[in-house]
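K.L.:
Can you read through this structure? Questions will come right after.
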Amino acid sequence: MSANPSYLNELKQTGDFLTLSRDNEWHLDAAEFVLDNGTRVNIHDTGVIEFQPAVKTSKDVVYSSAIHGNETAPIEICDALIKQIIKGELILKQRVLFIYGNPQSINIGLRFVEENLNRLFNGHHTVEGVPMNNERNRAAKLEQYVSDFYTRGEQGSSRCHYDLHTAIRGSKNEKFAVYPFLHGKPWKKSQLQFLLSCGVNTVLMMKSPATTFSYYSSFIHGADSFTVELGQVKPFGQNDMARFEKTKQTLTALISQNEVKYPEFNANDFELFAVHRTINRTQHDFSFPFSDDAENFTGFAKGELLATDGDTAIYADVEGEAIIFPNASVALGQRALLTVIPMDIDSNFI
Ligand SMILES: O=C(O)CCC(=O)N[C@@H](CCC(=O)O)C(=O)O
Ligand SMILES: [Zn+2]
């Protein structure tokens, strides 16, 4: 760590860690300082800033955004929170690590630069015979920052990670979350209540491991972790921030209160879906029969065409199979589509 990086004075005054990160796309010298209210601020790298309040804490919270650089609403929410904290306007009761995943992709306004960061976690950044690139290095570093953050937490603290995104397409259910595969462990009603408070009433239950950031922190660190889709991708300045107010308030409450009370769980408040299958693009010639404005959660009748992968036609195999994240331009071998079917709240919830 350099003794006193030249950026510190300005950061202390403006709280503008987003601009600082965008100005230093892949590296920023580490630094630390203490706010007047006693909160310790640790800048670990570009896009990675930790706040440790002086009081004893019970939660270790990670908020990530810009894992995809063009998903701007979550970046704006985190930018506002970080500024409030640095300016002393928001007093923390819990430790929190903010991550802007891919600052260069924010600057170019694209999902990624060379490779989709959210396909590189859980060790997939480092594969024998595959050359490293900036995104692979970044995924490896982000894993380490999260790991160090949780390791330094108070004994017995609960861990959570909300990886904030917006979807490429419009969605019939505007806000939804992906609950990573828990390997048979029960899903938590308290987490669904948190999501509901954020304005997210729709949750997709994954049934297999993934290369995503949320699966990494769930599987490796036992965190209550979710990919949270907050709406549709829009350029900076075009987000209707009123649509994110509940989310922002709930994220704020989680880090600024000792304990947040949510209303009692009621299954009728939620729409839950089980992930039915993942369809990967295996051929250059890959297409969907539906238009680019077909929304997430559009259901298909059994036997209807869902996708064509080279010579293989893929049909809906259950009535109402619904599409999530269709993207025919993904790299070969990657997920081009998830499908989901409605699910009941069963005994695997605590
Ligand atoms: O709208 C889309 O096609 C993609 C939106 C997005 O980035 N979603 C995440 C979901 C991650 C998960 O499955 O948990 C992604 O594709 O990485
Ligand atoms: Zn995304």
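Cβ atoms here come from the backbone N, Cα and C positions, even for glycine.
Take a look at what TrEMBL says about it:
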| type | residues | note |
| --- | --- | --- |
| DOMAIN | 59-255 | domain 'Succinylglutamate desuccinylase/Aspartoacylase catalytic' |
| BINDING | HIS68, GLU71, HIS165 | Zn(2+) binding site |
| ACT_SITE | GLU229 | active site |
| DOMAIN | 269-342 | domain 'AstE/AspA barrel-sandwich hybrid' |
K.L.:
Whole-number Å only: compute the distance from the Cα of the residue listed as 'active site' to the Cα of HIS165 (Zn(2+) binding site).
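P.N.:
The residue listed as 'active site' to HIS165 (Zn(2+) binding site), Cα-Cα distance: 5 Å.
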K.L.:
Take the domain 'Succinylglutamate desuccinylase/Aspartoacylase catalytic' (59-255) and average the pLDDT across it for me.
P.N.:
98
K.L.:
Under 6 Å from ligand 2 by C-beta, which of these recorded positions make it: HIS68, HIS165, GLU229? Sequence order, please.
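P.N.:
Correct list: HIS68, HIS165.
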K.L.:
Among the binding-site residues HIS68, GLU71, HIS165, which have a Cβ atom lying under 6 Å from any atom of ligand 1?
P.N.:
HIS68, HIS165
K.L.:
Using a 10 Å radius around its CB, how many other CB atoms surround HIS165 (Zn(2+) binding site)?
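P.N.:
The answer is 25.
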K.L.:
Determine, for the Zn(2+) site, the additional residues of the same chain whose CB lies within 8 Å of the mean position of the CB atoms of HIS68, GLU71, HIS165; present them in sequence order.
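P.N.:
Neighbours within 8 Å of the Cβ centroid, excluding HIS68, GLU71, HIS165: SER65, ALA66, ILE67, GLY69, ASN70, PRO74, ARG111, LEU164, THR166, ALA167, VAL233.
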K.L.:
Helix, strand or coil for HIS165 (Zn(2+) binding site)? Use DSSP.
P.N.:
strand
K.L.:
Ten-angstrom check, please: count other Cβ atoms within 10 Å of the Cβ of the residue listed as 'active site', all chains counted.
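P.N.:
The Cβ of the residue listed as 'active site' has 27 Cβ neighbours within 10 Å.
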K.L.:
Can you check what DSSP calls GLU71 (Zn(2+) binding site), collapsed to helix, strand or coil?
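P.N.:
Reduced to three states, the DSSP call for GLU71 (Zn(2+) binding site) is coil.
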